[in-house]
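Trainee: Found this in TrEMBL, in case it helps:
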type: REGION; residues: 55-110; note: region 'Disordered'
type: COMPBIAS; residues: 55-65; note: compositional bias 'Pro residues'
type: COMPBIAS; residues: 90-103; note: compositional bias 'Acidic residues'
type: TRANSMEM; residues: 138-159; note: transmembrane segment
type: TRANSMEM; residues: 179-203; note: transmembrane segment
type: TRANSMEM; residues: 289-313; note: transmembrane segment
type: TRANSMEM; residues: 325-347; note: transmembrane segment
type: TRANSMEM; residues: 373-394; note: transmembrane segment
type: TRANSMEM; residues: 406-429; note: transmembrane segment
type: TRANSMEM; residues: 482-500; note: transmembrane segment
type: TRANSMEM; residues: 512-535; note: transmembrane segment
type: TRANSMEM; residues: 547-574; note: transmembrane segment
type: TRANSMEM; residues: 581-602; note: transmembrane segment
Amino acid sequence: INFSPLSFSIAPPSLVECDSTRERERGSLKSLSLLFSSPFSSLGRLSVISMTLPPDVPTPDPIPNPVGAAQPKGGSDEDQREGLLSAEERDLDDDHWDEDGSTESDVATGIRRGRTETMTQFLNRQYQNIVHFFVEDWFLSALLGIITAILSIGVDVAIEYLLHMRLHMFEYLNEVSIYSGFCYWVLHIGVCVTFAALFCSLVSKQAVGSGIPEVKVIISGFVLKNYLSMKTLIAKVIGLVFTLGGGLPVGKEGPFVHMGAIVASLLTKATTACRYNQFFSNEGREMEMLSSGCAVGIACTFSAPAGGVLYGIESTSKYFAVKNYWRSFFATTCSALVFRFAMAAIVPPHIGGTITAYYQTSFPNEVFLVEEIPLFVLLGVMCGLAGALFILVHRKIATFMKTNRLFLAVFGKSPVAFTALVACFVGVVTYPEGIGRYIAGKLTFRETLADFVANCSFVLSNDTGTGCNPSLIAHWTGGDGSIHPLITLTCYLLVYFFIVAQCISLHIPAGIFVPSFVMGACGGRIMGEALAMWFPEGIRGAGNPQIYPGLYAVVGAAAYTGAVTHSLSIAVIVCETTGQLCALLPVLIALMIANAICSFLQPSIYESIILLKNLPFLTDLPPSRISVHTLKVEKVMVKELYFISRNTTYKELRDLVIATPQLRSYPFVTDKESMCLLGSVSRRYLVYLLYNKLGHDPALHNDKRRSRTASELLSTIHSFRRQSSHATGLGQQASNPNYLTDRNISGNTLLAHSPLHDAGSHHRVLAPLLSRQTEPHLDLPPQSVMERATILASCVLIDDAAIDPAPFQLVNGTSLFKVHTLFSLLGLNHAYVTERGRLVGVVSLKELRETFANIYLRGALPIQRRSMAPPVEHSSESGSSA
C-alpha cells in the first residue's frame, strides 16, 4: 500500500499497471476506481490496493498477493501483470467454473471468462439462477403460507366442533336437570384443558405458553433446544385445539406465530438435499424464513397480510432487513388467499361463518367529530395505564407461582394439577346460569368481539335508529333484560382482566393478543355506551353525527393491545379486519398514547415473560432513562478475568479450562504486566491443544452452557456436512467434541470467517490447522510422571491461525446506551473492554441484563464487583479438579 496525498486507485493485481512514464505523459491525476472482486471469491476481499503517485515520486515494485489470496495460474510475470492467459490455460480454467457462476481466481479471470463464455454455459448458468430463485425464494415462501393456512383452518374447524358440542350438550342437559348442565359445563372445560396440559407435558414441554418470547430469543441469535421441532408442533396443535375447544379464555395468536416459525424451520431443513451449493448454506436465510413464519401466523389469525408482516417484525425482531420484506409479504398473501377461499372446499357450511377472521364494521365516513378527539386521547391514557397494570398483575402471579412455598408444596411438581384446578374454576365462573349471566359467559371471544364492534347501541334500545336488535342486547342483559348493559360490560372487563392474567400462566399453549383485543374493546364499548347515554342525540345535537359506541370499541381494542404488546402495527391489523379506514385517525391517536405510557412504565408482555423465564435476551430500553447515557461500561464490566498468554503453561491452561466451563473464548494478551490485547482464542481450540499434548481428559468436557448461539449451531452442522462429503473417515471426527471448524475456532464473538467461501478452502489461512484434524490420530504412548510433569510445566504453543486477531472491543468510557445498541444490533454475547490497547475488563449479556433488571423502577444500576469465576485450585496429576 503506497499512500499519496493526492489520489489513489484500487484494482486487482492482474490489472495494475505501474508505468511511471505513462503517468508522466498523462500529467493529471487518475480518477477514483474501485474494482471489487467477485462476491463468491475467496472471502470477497480486495486483492491489492495501489496508490497513484505524482510524476515526481518514483513508483515502487508491484505488491505481492496477501496471504491466502488466490494466485494466478501459470504464465510469466509480464503476462500476469497484463492479465493474459494462454488458450490452454483458458480452456483448463473453464473446467473449474462453479455452479453459482463464481470463480476461484481473481476478478480479471472472471471478466475474461465472461467474455469467452459460450451460449450453452450462459443458458446453463441462468437456468441454475432461476431454479435457485424460485425454489429457495418464491416456492418456499408460498409453501410456508399455504401449509400454515391449511393448519390454521384445521385447528379452527376442530375448535368450533368442540365449542358447538359444548353448547348443544349443555342446552340438552340443562333442560333435563340444572345440576347436570352445571356439571357438564365445568367438566367439559376441565377435561379438555387437563388433556391439553397433560399432552404438552408428555410430548413437548416447549409447546407451553405463547411461543413468541422464545421465538424472539431465537431470532435474536440463540437456539433453544426443541422449540422448533416436529414434536413441539404436534403438541402445540393438539394442546391449542383442546385448550380453546374447552372454552378457556386465551388466544391463538401467539401459538400460531410459534407454529409458523416451526413450519418455516422444518421447510428450511427440508432443503438440505438442495444444499449442494454454498447459496443454500447461509444461516441468514433460515432467520429470514423464521421471520416470515411469524408473519404468516398473524395473517392466519386475523387474515391480515400487511398487518401480519408488521406485527411479526415488531413482536419478534429488534432489527429487520428491509430487503426481506417481500418474502414475508408474499408468504402472508398466499396464507390469506388460502384461508379465505379454501373454506368453501374444506370447512362445513354450518360453521364456515364462525371461523372467519373478519370483523366487518359499517361506520359512516363521518364517524367522529373534532370534539371527540380529547375523548380518544383520554381512552388512550386509560388503556396505557390498564395495560401496564395487566403486565404487573401477570408478573406478580407468575412470581407467586414460582416462589411461594405453600404453592410449591402443593402444586410445585405438578403443573397439570393446578391447570386443571384453574380450568374448573373458570368453568364455575362462566357458567351461564350463575355468575356467567353477568359476564356473558356463554359467548366465545369471537362472538363477544362481534358484539362489541357492532354499529349500534346497547343502552338506546328503544331508539330504532341506533339501538341494537333484541337478540344481541339479550347477551348483555342477562337474557331477560334484568341487568343493565353497563353493569354486564363492567363485570366482564373486571373478571376477565384477572382470569386472563392467570390463564396465560398455565401449563398450556396460550396467546395474549386476542384476549387483550377483546378486553380493550370492552373498555372502549363501556366509554362509548356511557357517552351515547349522556348524549343520545350526539355531541352537537339533533341532525348531526351521533356517538358510535362501536368506534370506541375498535379504538379501545387497538390501544389496549398496543399497550400490552408495545406494537404500533395494530392499527394496520384493525383496518384490515374491520374493512374500513375511517377509524384510522382515532386509532392512531389512542394507540400511540397508550403505547408511550405503557412503554414508560412496564416492558411488553413478551419481554416480561422472557425476564420471568430468565432466557438469554437483552430487553429493550424504556424511553427517557438518563442513567443509560451517564453510566459507563467500566462500572458494570468484570475486571478480574481469565486470560492466556505466551507464558501460560499447559498446567495453568488445563486448570483454567476446567474451572471455566461456561466460557467459550479467552482473551489472548502479551503478558500479565502489560496486558495488551492481541486477540482471543476459543475454548474448543484450547481443549484440542490439550488433547494433542496430554491425551483424552474427561474433566475438560464439562460443558455447562444451556444454550448455543444460532451461528455456532448452524455453522457446526454445515461444517460437518461439508467435511463428510470430502472424506469418508470423518464420521468419528464429527462426533469428536474437540472437532474444530473455520468458525467455532474464533469463539463466535463475531463471525470472523464466512461459511460461504469454501471453493478455495485450500488457500485459507486456517486450512493447515483444520486439515490436521483429518489425519488419523494415533494414541499417545503411555507417559511417565516425569514426562507429563515436563509437558505441564512447558509454555503453550498456540498456532497463530487459531487466534482471532479482531475480537469485538469497547473503550472503558462507552455509555451503556451505545453498548446496548451494539449488543442488540450485532447479536454479541460478550465484548472486551480496553484502554489504549490494554485489556481492562469484559462485559457480557449477563452483566447487562443484571444492570437493566430494575430499569423501569430505579434506572440502570451498576452491579456488584465480582470476578468471572471463583479462584482456580490446582488440580492433581491424576486428572481431578476442584
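Note that the numbers count up from 1, one per residue, in the order the chain is shown.
Note: Cβ is positioned from N, Cα and C throughout, glycine not excepted.
TrEMBL labels come from automatic prediction, so no person has curated them.
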Trainee: Taking the transmembrane segment (581-602) as reference, which of 138-159, 179-203, 289-313, 373-394 has the most Cβ pairs under 8 angstroms?
Mentor: 373-394
Trainee: Please give the sequence-distant neighbours of the transmembrane segment (482-500): residues at least 6 beyond its ends with Cβ less than 8 Å from one of its Cβ atoms.
Mentor: 249-250, 386, 390, 393, 426, 429, 435, 437-440, 448, 458-459, 473, 476, 512, 515-516, 518-519, 522-523, 525-526, 529-530, 533
Trainee: With pairs restricted to those 6 or more apart in sequence, evaluate whether the transmembrane segment (547-574) and the transmembrane segment (138-159) have 3+ C-beta pairs under 8 Å.
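Mentor: Output no: the transmembrane segment (547-574) is apart from the transmembrane segment (138-159).
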Trainee: At least three Cβ pairs under 8 Å linking the transmembrane segment (179-203) and the transmembrane segment (406-429), pairs spaced 6 or more in sequence?
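Mentor: Between the transmembrane segment (406-429) and the transmembrane segment (179-203), which are separate recorded stretches, there is contact, as judged by 3 or more close Cβ pairs.
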Trainee: For the transmembrane segment (373-394), could you work out the same-chain residues 6 or more beyond its ends whose Cβ comes under 8 Å from its Cβ atoms?
Mentor: 497-498, 501, 504-505, 516, 520, 523-524, 527, 531, 552, 555-556, 559-560, 563-564, 586, 589-598, 601-605, 608
Trainee: What stretch, picked from 138-159, 406-429, 512-535, has the most CB pairs under 8 A with the transmembrane segment (289-313)?
Mentor: 138-159
Trainee: If we skip the immediate neighbours and take only residues 6+ beyond the ends of the transmembrane segment (512-535), which ones have a Cβ under 8 Å from one of its Cβ atoms?
Mentor: 210, 249-254, 301, 375, 379, 382-383, 386-387, 390, 445, 448-449, 452-453, 457-460, 466, 485-486, 489-490, 492-493, 496-497, 500, 504, 546-561, 564-565, 605
Trainee: For the transmembrane segment (406-429), find every same-chain residue at least 6 residues outside the stretch whose CB is under 8 Å from a CB in it, and list them.
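Mentor: Same-chain contacts beyond the flanks: 185-190, 192-194, 197-198, 201, 246-249, 400, 435-436, 439, 441, 495, 499, 502-503, 506-508.
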